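Asker: Residues or ranges marked as transmembrane segment in TrEMBL: 60-80, 124-143, 155-173, 203-222, 248-266. If you look up TrEMBL, you'll see 272-300 marked as region 'Disordered'. Annotation source TrEMBL lists compositional bias 'Basic and acidic residues' at 281-300.
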Amino acid sequence: MNDTRALELRLGQMVRRRLPWCVAEFVMFGLKQAWACLFAGLLLGAILVSRLVWHADWPVARYDALFVFAIAVQALFLALKLETWTEARVILAFHITGTAMEWFKVSAGSWTYPEAGFFRIMDVPLFSGFMYAAVGSFMVRVIRIFEMRFTPYPPFWLTVALAVTIYVNFFAHHFLPDLRWALFAATILIYGRTRIWFRLARWYWMPLPLAAFFSSLFLWVAENVGTRTGTWLYAGQRTPELAPFSKIGSWYLLLYVSFVTISLVTRETMTGPAPSSGDAGSDKHAPGGFSRETDAVSRR
(Lines of atoms letter the chains of each structure in order from A and count residues from 1; the text may use other names and numbers.)
(Lines give C-alpha, C1' and ligand atoms only; values in the text may rest on other atoms or scores of the structure.)
Protein backbone atom coordinates (compact mmCIF):
# COMPACT_ATOMS: atom_id res chain seq x y z
CA MET A 1 0.00 0.00 0.00
CA ASN A 2 3.02 2.27 -0.11
CA ASP A 3 2.03 4.06 -3.34
CA THR A 4 -1.40 5.08 -2.08
CA ARG A 5 -0.06 5.98 1.35
CA ALA A 6 2.57 8.25 -0.19
CA LEU A 7 -0.26 10.06 -1.98
CA GLU A 8 -2.20 10.27 1.30
CA LEU A 9 0.87 11.71 3.02
CA ARG A 10 1.29 14.46 0.44
CA LEU A 11 -2.37 15.43 0.82
CA GLY A 12 -2.01 15.57 4.60
CA GLN A 13 1.11 17.70 4.39
CA MET A 14 -0.60 20.10 1.99
CA VAL A 15 -3.55 20.56 4.35
CA ARG A 16 -1.35 21.16 7.40
CA ARG A 17 0.83 23.69 5.59
CA ARG A 18 -2.13 25.80 4.54
CA LEU A 19 -4.47 25.72 7.53
CA PRO A 20 -4.25 26.57 11.24
CA TRP A 21 -3.51 23.52 13.38
CA CYS A 22 -7.01 23.12 14.88
CA VAL A 23 -8.70 23.61 11.50
CA ALA A 24 -6.27 21.20 9.87
CA GLU A 25 -7.11 18.55 12.48
CA PHE A 26 -10.83 18.91 11.71
CA VAL A 27 -10.25 18.83 7.95
CA MET A 28 -7.95 15.82 8.22
CA PHE A 29 -10.55 13.99 10.31
CA GLY A 30 -13.11 14.56 7.55
CA LEU A 31 -10.68 13.55 4.81
CA LYS A 32 -9.72 10.37 6.64
CA GLN A 33 -13.37 9.47 7.17
CA ALA A 34 -14.12 10.10 3.50
CA TRP A 35 -11.13 7.98 2.46
CA ALA A 36 -12.28 5.17 4.76
CA CYS A 37 -15.81 5.11 3.32
CA LEU A 38 -14.64 5.19 -0.31
CA PHE A 39 -16.27 1.85 -1.16
CA ALA A 40 -19.57 2.86 0.45
CA GLY A 41 -19.47 6.25 -1.24
CA LEU A 42 -18.92 4.72 -4.66
CA LEU A 43 -21.77 2.26 -4.10
CA LEU A 44 -24.17 4.98 -2.95
CA GLY A 45 -23.11 7.12 -5.89
CA ALA A 46 -23.84 4.24 -8.26
CA ILE A 47 -27.30 3.80 -6.71
CA LEU A 48 -28.08 7.50 -7.17
CA VAL A 49 -26.70 7.83 -10.70
CA SER A 50 -28.29 4.60 -11.91
CA ARG A 51 -31.66 5.75 -10.60
CA LEU A 52 -31.34 8.99 -12.55
CA VAL A 53 -30.24 7.53 -15.89
CA TRP A 54 -31.65 4.00 -16.03
CA HIS A 55 -34.57 3.06 -18.27
CA ALA A 56 -36.80 0.05 -17.76
CA ASP A 57 -36.41 -1.04 -21.40
CA TRP A 58 -32.62 -1.30 -21.22
CA PRO A 59 -31.32 -4.87 -21.76
CA VAL A 60 -29.50 -4.92 -18.41
CA ALA A 61 -31.46 -4.47 -15.19
CA ARG A 62 -30.31 -1.77 -12.79
CA TYR A 63 -29.82 -4.28 -9.95
CA ASP A 64 -27.59 -6.40 -12.19
CA ALA A 65 -25.52 -3.38 -13.19
CA LEU A 66 -25.07 -2.50 -9.51
CA PHE A 67 -23.94 -6.07 -8.81
CA VAL A 68 -21.31 -5.97 -11.56
CA PHE A 69 -20.21 -2.50 -10.47
CA ALA A 70 -19.73 -3.63 -6.86
CA ILE A 71 -17.64 -6.63 -7.93
CA ALA A 72 -15.51 -4.41 -10.16
CA VAL A 73 -14.91 -1.90 -7.36
CA GLN A 74 -13.94 -4.65 -4.92
CA ALA A 75 -11.51 -6.10 -7.46
CA LEU A 76 -10.06 -2.64 -8.08
CA PHE A 77 -9.54 -2.08 -4.36
CA LEU A 78 -7.52 -5.28 -4.15
CA ALA A 79 -5.57 -4.54 -7.33
CA LEU A 80 -4.65 -1.05 -6.11
CA LYS A 81 -3.94 -2.42 -2.61
CA LEU A 82 -6.52 -0.13 -1.04
CA GLU A 83 -7.54 -3.22 0.92
CA THR A 84 -5.51 -6.23 1.93
CA TRP A 85 -6.58 -9.81 1.30
CA THR A 86 -7.05 -10.24 5.05
CA GLU A 87 -9.43 -7.29 5.06
CA ALA A 88 -11.19 -8.73 2.01
CA ARG A 89 -11.85 -11.96 3.91
CA VAL A 90 -13.42 -9.98 6.74
CA ILE A 91 -15.56 -8.09 4.23
CA LEU A 92 -16.64 -11.40 2.71
CA ALA A 93 -17.92 -12.43 6.14
CA PHE A 94 -20.02 -9.25 6.18
CA HIS A 95 -21.34 -10.14 2.75
CA ILE A 96 -22.38 -13.64 3.84
CA THR A 97 -24.03 -12.67 7.13
CA GLY A 98 -25.72 -9.69 5.50
CA THR A 99 -27.11 -11.72 2.60
CA ALA A 100 -28.45 -14.33 5.03
CA MET A 101 -30.29 -11.57 6.89
CA GLU A 102 -31.60 -10.16 3.61
CA TRP A 103 -33.10 -13.52 2.63
CA PHE A 104 -34.90 -13.84 5.93
CA LYS A 105 -36.09 -10.23 6.18
CA VAL A 106 -37.40 -10.12 2.62
CA SER A 107 -39.22 -13.43 3.08
CA ALA A 108 -40.69 -12.06 6.35
CA GLY A 109 -41.96 -8.97 4.53
CA SER A 110 -39.77 -6.46 6.37
CA TRP A 111 -38.68 -4.86 3.10
CA THR A 112 -38.73 -5.55 -0.63
CA TYR A 113 -36.67 -4.96 -3.76
CA PRO A 114 -39.28 -3.81 -6.29
CA GLU A 115 -37.23 -3.97 -9.49
CA ALA A 116 -36.40 -6.94 -11.70
CA GLY A 117 -32.98 -8.50 -12.07
CA PHE A 118 -31.21 -11.67 -13.15
CA PHE A 119 -28.66 -11.89 -10.31
CA ARG A 120 -31.04 -12.51 -7.45
CA ILE A 121 -31.78 -15.40 -5.11
CA MET A 122 -34.98 -15.75 -3.09
CA ASP A 123 -36.17 -12.30 -4.27
CA VAL A 124 -32.96 -10.67 -3.01
CA PRO A 125 -30.67 -9.05 -5.63
CA LEU A 126 -27.09 -10.11 -5.05
CA PHE A 127 -25.79 -6.55 -5.00
CA SER A 128 -27.52 -6.13 -1.62
CA GLY A 129 -24.80 -8.15 0.09
CA PHE A 130 -22.30 -5.51 -0.98
CA MET A 131 -24.14 -2.91 1.08
CA TYR A 132 -23.17 -4.86 4.19
CA ALA A 133 -19.72 -5.38 2.69
CA ALA A 134 -19.48 -1.59 2.32
CA VAL A 135 -20.00 -1.24 6.08
CA GLY A 136 -17.30 -3.84 6.63
CA SER A 137 -14.96 -2.07 4.22
CA PHE A 138 -15.45 1.21 6.05
CA MET A 139 -14.80 -0.33 9.45
CA VAL A 140 -11.62 -2.21 8.53
CA ARG A 141 -10.26 0.80 6.65
CA VAL A 142 -11.13 3.37 9.32
CA ILE A 143 -9.46 1.24 12.01
CA ARG A 144 -6.30 1.03 9.91
CA ILE A 145 -6.29 4.63 8.65
CA PHE A 146 -6.81 6.15 12.11
CA GLU A 147 -4.58 3.51 13.78
CA MET A 148 -7.42 2.90 16.22
CA ARG A 149 -6.91 1.22 19.57
CA PHE A 150 -9.78 -0.04 21.72
CA THR A 151 -9.01 0.04 25.42
CA PRO A 152 -9.88 -1.30 27.89
CA TYR A 153 -11.16 -4.13 25.73
CA PRO A 154 -14.01 -6.18 27.26
CA PRO A 155 -13.61 -9.94 27.77
CA PHE A 156 -13.57 -11.38 24.27
CA TRP A 157 -16.06 -14.16 25.02
CA LEU A 158 -18.51 -11.55 26.30
CA THR A 159 -18.27 -9.47 23.12
CA VAL A 160 -18.87 -12.57 20.99
CA ALA A 161 -21.86 -13.60 23.12
CA LEU A 162 -23.37 -10.12 22.75
CA ALA A 163 -22.81 -10.07 18.99
CA VAL A 164 -24.40 -13.51 18.54
CA THR A 165 -27.39 -12.51 20.68
CA ILE A 166 -27.88 -9.32 18.67
CA TYR A 167 -27.67 -11.18 15.37
CA VAL A 168 -30.10 -13.89 16.52
CA ASN A 169 -32.53 -11.25 17.80
CA PHE A 170 -32.78 -9.75 14.31
CA PHE A 171 -34.40 -13.05 13.31
CA ALA A 172 -36.05 -14.17 16.55
CA HIS A 173 -38.02 -10.99 17.26
CA HIS A 174 -40.42 -12.02 14.49
CA PHE A 175 -41.51 -14.92 16.70
CA LEU A 176 -40.39 -14.01 20.23
CA PRO A 177 -40.28 -10.81 22.32
CA ASP A 178 -37.88 -8.23 20.92
CA LEU A 179 -34.82 -7.89 23.16
CA ARG A 180 -33.45 -4.73 21.60
CA TRP A 181 -33.88 -2.53 24.68
CA ALA A 182 -32.05 -5.07 26.81
CA LEU A 183 -29.40 -5.28 24.09
CA PHE A 184 -29.01 -1.49 24.05
CA ALA A 185 -28.36 -1.64 27.78
CA ALA A 186 -25.95 -4.54 27.32
CA THR A 187 -23.83 -2.55 24.86
CA ILE A 188 -23.40 0.18 27.48
CA LEU A 189 -22.63 -2.27 30.27
CA ILE A 190 -20.06 -4.19 28.23
CA TYR A 191 -18.47 -1.39 26.20
CA GLY A 192 -19.19 1.63 28.40
CA ARG A 193 -15.58 1.90 29.61
CA THR A 194 -14.03 1.19 26.21
CA ARG A 195 -12.39 4.14 24.53
CA ILE A 196 -11.59 4.34 20.84
CA TRP A 197 -8.21 6.01 20.52
CA PHE A 198 -7.60 7.45 17.05
CA ARG A 199 -4.72 9.39 15.59
CA LEU A 200 -4.56 12.62 13.63
CA ALA A 201 -1.51 14.80 14.35
CA ARG A 202 -2.02 13.68 17.95
CA TRP A 203 -4.15 11.09 19.73
CA TYR A 204 -7.82 11.62 20.60
CA TRP A 205 -10.40 9.31 22.11
CA MET A 206 -14.16 8.78 22.10
CA PRO A 207 -16.35 6.33 24.05
CA LEU A 208 -17.11 3.36 21.82
CA PRO A 209 -20.92 3.47 22.36
CA LEU A 210 -20.96 7.15 21.37
CA ALA A 211 -18.97 6.40 18.22
CA ALA A 212 -21.40 3.59 17.39
CA PHE A 213 -24.35 5.96 17.83
CA PHE A 214 -22.85 8.61 15.53
CA SER A 215 -22.04 5.92 12.96
CA SER A 216 -25.61 4.62 13.10
CA LEU A 217 -26.89 8.13 12.32
CA PHE A 218 -24.72 8.31 9.20
CA LEU A 219 -25.83 4.82 8.16
CA TRP A 220 -29.47 5.87 8.53
CA VAL A 221 -28.79 8.85 6.24
CA ALA A 222 -27.12 6.52 3.74
CA GLU A 223 -30.06 4.15 3.94
CA ASN A 224 -32.37 6.95 2.89
CA VAL A 225 -30.50 7.07 -0.40
CA GLY A 226 -31.79 3.55 -0.99
CA THR A 227 -35.38 4.22 0.05
CA ARG A 228 -35.69 7.60 -1.66
CA THR A 229 -34.44 6.11 -4.93
CA GLY A 230 -36.80 3.14 -4.58
CA THR A 231 -33.90 0.70 -4.59
CA TRP A 232 -35.51 -1.01 -1.60
CA LEU A 233 -38.67 -0.19 0.33
CA TYR A 234 -39.76 -1.05 3.84
CA ALA A 235 -43.14 -2.63 4.46
CA GLY A 236 -45.89 -0.09 3.73
CA GLN A 237 -43.39 2.54 2.64
CA ARG A 238 -43.77 4.88 -0.30
CA THR A 239 -40.70 5.94 -2.27
CA PRO A 240 -40.56 9.61 -1.07
CA GLU A 241 -40.64 8.62 2.60
CA LEU A 242 -37.69 8.56 4.95
CA ALA A 243 -36.49 5.29 6.38
CA PRO A 244 -38.06 4.67 9.81
CA PHE A 245 -36.13 6.27 12.66
CA SER A 246 -36.15 2.89 14.39
CA LYS A 247 -33.53 1.80 11.85
CA ILE A 248 -31.01 3.99 13.69
CA GLY A 249 -31.30 1.59 16.61
CA SER A 250 -31.05 -1.40 14.29
CA TRP A 251 -27.84 -0.09 12.77
CA TYR A 252 -26.47 0.75 16.21
CA LEU A 253 -26.85 -2.88 17.27
CA LEU A 254 -25.64 -4.26 13.95
CA LEU A 255 -22.44 -2.25 14.30
CA TYR A 256 -21.52 -4.32 17.35
CA VAL A 257 -21.94 -7.47 15.30
CA SER A 258 -19.72 -5.88 12.66
CA PHE A 259 -17.12 -4.85 15.21
CA VAL A 260 -16.84 -8.34 16.66
CA THR A 261 -16.66 -9.83 13.16
CA ILE A 262 -13.60 -7.67 12.50
CA SER A 263 -12.09 -8.48 15.89
CA LEU A 264 -12.10 -12.19 15.06
CA VAL A 265 -9.28 -11.46 12.62
CA THR A 266 -7.61 -8.26 13.79
CA ARG A 267 -8.08 -8.23 17.57
CA GLU A 268 -4.34 -8.23 18.29
CA THR A 269 -3.82 -4.99 16.35
CA MET A 270 -6.90 -3.32 17.86
CA THR A 271 -6.28 -3.86 21.55
CA GLY A 272 -2.95 -2.24 22.23
CA PRO A 273 -2.40 -0.03 25.28
CA ALA A 274 -3.81 3.47 25.39
CA PRO A 275 -1.34 6.04 24.02
CA SER A 276 0.73 7.72 26.72
CA SER A 277 1.04 11.44 27.09
CA GLY A 278 4.47 11.15 25.49
CA ASP A 279 2.93 9.52 22.44
CA ALA A 280 0.41 12.33 22.13
CA GLY A 281 3.08 14.99 22.43
CA SER A 282 5.32 13.46 19.80
CA ASP A 283 2.44 12.89 17.41
CA LYS A 284 1.44 16.52 17.65
CA HIS A 285 4.43 17.49 15.54
CA ALA A 286 4.48 14.41 13.35
CA PRO A 287 4.15 14.71 9.56
CA GLY A 288 0.54 14.97 8.43
CA GLY A 289 -0.37 11.63 6.94
CA PHE A 290 -3.28 9.25 7.13
CA SER A 291 -1.54 6.59 9.23
CA ARG A 292 1.66 5.62 10.98
CA GLU A 293 2.58 3.52 7.95
CA THR A 294 2.06 6.62 5.82
CA ASP A 295 4.49 8.60 7.97
CA ALA A 296 7.02 5.83 7.50
CA VAL A 297 6.87 6.38 3.75
CA SER A 298 8.15 9.93 4.17
CA ARG A 299 11.20 8.72 6.08
CA ARG A 300 12.39 6.30 3.39
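Using the three backbone atoms N, Cα and C, a Cβ is placed for every residue, glycine included.
TrEMBL annotations: computationally assigned, not manually curated.
Walk me through the surroundings of each of these features.
Answerer: With a cut-off of 8 Å between Cβ atoms, the residues of this chain six or more beyond the transmembrane segment (60-80) that come close are 4, 39, 42-43, 46-47, 50-51, 54, 88, 91, 113, 115-120, 125-127, 130, 133, 137.
For the transmembrane segment (155-173), the list of distant contacts is 97, 101, 104-105, 179-180, 183, 186-187, 190-191, 250, 253-254, 256-257, 259-261, 263, 267: same-chain residues at least six beyond its ends, Cβ to Cβ under 8 Å.
For the transmembrane segment (203-222), the residues of the chain that approach it from at least six positions outside its boundaries are 40, 44, 135, 150, 187-188, 191-192, 194-197, 243, 245, 247-249, 251-252, 255-256, 259, 274-275, 279-280, 283, judged by C-beta separation under 8 angstroms.
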